[in-house]
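Visitor: Straight from TrEMBL, here's the annotation block:
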type	residues	note
ACT_SITE	39	active site, proton acceptor
ACT_SITE	176	active site, proton donor
BINDING	12, 70, 146, 147, 148, 149, 176, 177, 178, 198, 199	substrate binding site
BINDING	37, 39, 70, 176	divalent metal cation binding site
Ligand code: DX5
Ligand code: ZN
């Protein structure tokens, strides 16, 4: 189980002002974000389109923490090198994105990034068992990927199973989708230690009034830590 101080908050810039990413990234970091989560969507694996490698490289110039790049694309392998070159610290691919996830994870580490493995809500925790020595992070999607602002799916049992499978390996469990001060304690208590949160961080604030970002981050962190203390 993660210790109190180990909860990381990773705001998703999918909920930021798309005309002002540099300022938005600086704002969330100055307001206490631990990582910056970047959602890459291809209009094929998920029904939405976002950023390619040049945009991610431009974000990198503003990130001073950790750039956590979530690839919702299929195929993945042809783009790994480009996203690594764009400056991703963590590259997360979906287990469902192709037949050769083992090869994909090898390629991510070979490109110099930490390797993340994301699971759609319908994919069981047990599916990652053969891959746990190849990953630095498992991302449990608690919405169907593609859009911010969706309702949280309660997959607490899956998170608990995953934490048991991971054992004492140094592997993060990241939760992505519908994380709020109400839902964060459920997943933190089950063993999650990285919380992606888009709409619940950006709501009420802006680059010219970023204090609400900080209040939102602190509220989520406090709720999560209360569940792990
Ligand atoms: C969904 C994305 C998430 C999303 C989270 O496909 O992977 O990162 O931005 O947004 P919220 O926190 O609003 O559910
Ligand atoms: Zn994401």
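Including glycine, each Cβ sits where the backbone N, Cα and C put it.
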Visitor: Highest CB neighbour count within 10 A among the binding-site residues 146, 178?
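Guide: Checking each of 146, 178, the winner is 178.
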Visitor: Could you round the CA separation between residue 199 (substrate binding site) and residue 176 (active site, proton donor) to a whole angstrom and send it over?
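Guide: Checking the Cα atoms of residue 199 (substrate binding site) and residue 176 (active site, proton donor) gives a distance of 12 Å.
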Visitor: Using DSSP, would you call residue 70 (divalent metal cation binding site) helix, strand or coil?
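Guide: In three-state terms, residue 70 (divalent metal cation binding site) counts as strand.
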Visitor: Residues near the substrate site, 12, 70, 146, 147, 148, 149, 176, 177, 178, 198, 199 excluded, by Cβ within 8 Å of the Cβ center?
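Guide: Here the nearby residues are 14, 15, 39, 143, 145, 150, 196.
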Visitor: Out of 12, 70, 148, 176, 178, point to the one nearest the residue listed as 'active site, proton acceptor' in space (Cα versus Cα); all of them are recorded positions in the record.
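Guide: For the residue listed as 'active site, proton acceptor', the spatially nearest of the recorded positions is 70.
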Visitor: Which residues, same chain and not among 37, 39, 70, 176, have a CB within 8 angstroms of the centroid of the CB atoms at the recorded divalent metal cation site?
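Guide: The surrounding set, listed in chain order, is 10, 12, 14, 38, 68, 69, 92, 139, 196, 198.
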Visitor: In which DSSP state, out of helix, strand and coil, do we find residue 178 (substrate binding site)?
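Guide: Reduced to three states, the DSSP call for residue 178 (substrate binding site) is coil.
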Visitor: If you draw a 10 Å sphere on the Cβ of residue 70 (divalent metal cation binding site), how many other Cβ atoms land inside?
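Guide: Residue 70 (divalent metal cation binding site): 28 neighbouring Cβ atoms within 10 Å.
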